[in-house]
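The structure appears below as structure tokens.
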Amino acid sequence: MVFCVCMTCVYRAFTFGLTFLLYTSFHLSRKPISIVKSELHKNCSHVMEAPSESSSSQQPVLHPELDCSWKPFDRNNYKQLLGAMDYSFLCAYAIGMYLSGIIGERLPIRLYLTVGMLTSGLFTCLFGLGYVYDVHSLGFYIFVQVANGLVQTTGWPSVVTCIGNWFGKGRRGLIMGLWNSHTSVGNILGSLIAGYYVSSNWGLSFIVPGVIIAAMGVICFLFLIEHPNDLKILLLGQESIGVCVPVQQVVVVKSEAEPSAISFMGALRIPGVVEFSLCLLFAKLVSYTFLFWLPLYITKAAHLDAKKAGDLSTLFDVGGIVGGILAGVLSDKMGKRATTCAVMLLLAAPTLYGFSMMSQFGLGPTIGMLLVCGGLVNGPYALITTAVSADLGTHKSLKGNARALSTVTAIIDGTGSVGAAVGPLLAGLLSAQGWDQVFYMLMTADFLALLVISEDLQTSGSQPGIWDPLGGLNTL
């Protein structure tokens, strides 16, 4: 009995660490595009405006766009083209996410996740090979982004389902706040890896992360244990296995028959799913706009090169790690997930305005505001995609059906990904009119996220003695 309990504790910790690393590699492979943007389109004015008199006869053969920018991103509408690449990835990701959760509940998580990681590594490398083979077709890069967006949807529902299988509701906010820091860790590592190669060979900025996520896919196939019940295979032959394994089960199925996977509409009817999905839509719009456009903004605002801007942008993710953990701890302590999200969203909007102002006053204020913005922006995003999703996926209305978690997670994150697709696209369009317009858009999104859950904050607590995912644990 003691031996088996110790074994399950070991494998629980192992699963925590492994799924952390697996999804770190997903975000690591998404980050390079934001770092490489400033290399795809450089400021070539110094090349065009300073031809010497002695070389005037050679002016017809001077092609600054070839020396500086990468076709087809050498045009005046390069921001729209870069925005279109973001949109193609994120739109495919949003659409695919709705299907991914449903498919994932009907296939072994380990195999589903492995295939997704291997194919994601392939398409990430393919984007980098565009540099190696001198590809200048916008259609090629759009195709790669769409394909990568689709296969990356295998990741989130799979890892959340797996971690939800191993960990119960006790201190879920803290545990998942710590675990969800993989998002920021992946962004930081992706920025550093891409930044290291971006000036010399930006193709490697994609190829190296692509190899990493593919390698992690192999590790996933070899070592992932998706449910405590799977320990029966590893502990086969030990007499106490029938006693120790059920102790670690998160969800107990009361029916002897295997429960059927929940339908899409059935998942939507779970209280809180629609509200938190819409809230995440606006919260993720803000987060992903920073993810895809922050390095370019720093390049233009602070006049730094691509590598330094990429390194500086990692501070936003450092703040995001702290914000995600803080949101989890506070929500556990208060027992109110929605209240925690609302407070952070309320503080985030004016902080975004402050960042747009302070970034003009030098490096010091920019660093400080990046840390604060990262915490307030990523805190609600992290809480909703992890602890809230797991709470709703194991809601009392499901009567112990553990097969709803993947679908619920996919609906919430898929809806959020619609915002993630729209945000960078709008940023590309609005930045042509000035970066102030982008920040106004981000502040509006934060207020809308707050508005979506504000009514539920007022009505939560009407049913005493039950867990209300919108308000918390209401007691008599």
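All residue numbers here begin at 1 and follow the chain in the order shown.
Positions of Cβ are set from backbone N, Cα and C atoms, glycine also.
Just so it is clear, the model here is predicted, and its values are computed rather than measured.
Residues or ranges marked as domain 'Major facilitator superfamily (MFS) profile' by TrEMBL: 18-461.
Residues 30, 33, 37, 40-41, 72-73, 75, 138, 141-142, 145-153, 156-157, 264, 288, 292, 296, 410-411, 413-415, 417-418, 420-422, 424-425, 427-429 of the same chain, all 6+ positions outside the transmembrane segment (81-99), place their C-beta atoms under 8 angstroms from a C-beta of that stretch. Taken from TrEMBL, the feature transmembrane segment covers 81-99 (among others).
Remote same-chain partners of the transmembrane segment (111-133), defined as residues 6 or more beyond its termini with a Cβ less than 8 Å from a stretch Cβ, comprise 22, 25-26, 29, 32-33, 70, 103-104, 140-141, 144-145, 147-148, 151-155, 158-159, 201-207, 209-218, 220-221, 224. Look at TrEMBL and you will find 111-133 (among others) tagged as transmembrane segment.
Residues or ranges marked as transmembrane segment by TrEMBL: 139-167 (among others).
Counting only same-chain residues 6+ beyond the ends of the transmembrane segment (179-198), those with a CB under 8 A from a CB of the stretch are 16, 19-21, 23-32, 34-36, 38-39, 163, 204-206, 208-209, 291, 295, 306-307, 310-311, 313-314, 317-318, 320-321, 324-325, 328, 374, 378, 382, 385-386. Sequence annotations record features per position, and here TrEMBL assigns transmembrane segment to 179-198 (among others).
Under the heading transmembrane segment, TrEMBL lists 204-225 (among others).
If one looks beyond the transmembrane segment (273-294) by at least 6 residues along the same chain, the residues whose Cβ comes under 8 Å of a Cβ in the stretch are 30-31, 33-34, 37, 86, 90, 187, 267, 313, 316, 338, 341, 345, 348, 352, 373-374, 377-378, 380-381, 384-385, 388-389, 392, 408, 411-413, 415-424, 426-428, 431, 438, 441-442, 445-446, 448-449, 452-453, 456, 469-470. Per TrEMBL, the feature transmembrane segment maps to 273-294 (among others).
Outside the transmembrane segment (314-331), and at least 6 residues removed from its termini, the chain residues within Cβ reach (under 8 Å) are 172-178, 180-181, 183-185, 187-188, 191-192, 290, 294, 337, 339-341, 344, 367, 370-383, 386-387, 472. Taken from TrEMBL, the feature transmembrane segment covers 314-331 (among others).
Look at TrEMBL and you will find 338-355 (among others) tagged as transmembrane segment.
The transmembrane segment annotation in TrEMBL covers 367-392 (among others).
What TrEMBL lists as transmembrane segment is 404-426 (among others).
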Spatial neighbours of the transmembrane segment (139-167) far in sequence, C-beta under 8 Å, 6+ residues away: 11-12, 15-16, 19, 22-23, 26, 29-30, 33, 84-86, 88-93, 95-97, 99-101, 104-105, 109, 112-113, 115-117, 119-120, 123-124, 126-127, 130, 175-176, 179, 224, 226-228, 248, 250-251, 385-386, 389-390, 393-394, 402, 405-407, 409-410, 413-414
Beyond the flanks of the transmembrane segment (204-225) by 6 or more, those residues with Cβ under 8 Å of it: 11, 14-15, 18-19, 21-22, 25-26, 28-29, 31-32, 35-36, 109-111, 113-118, 120-129, 162, 190, 193-198, 231, 234
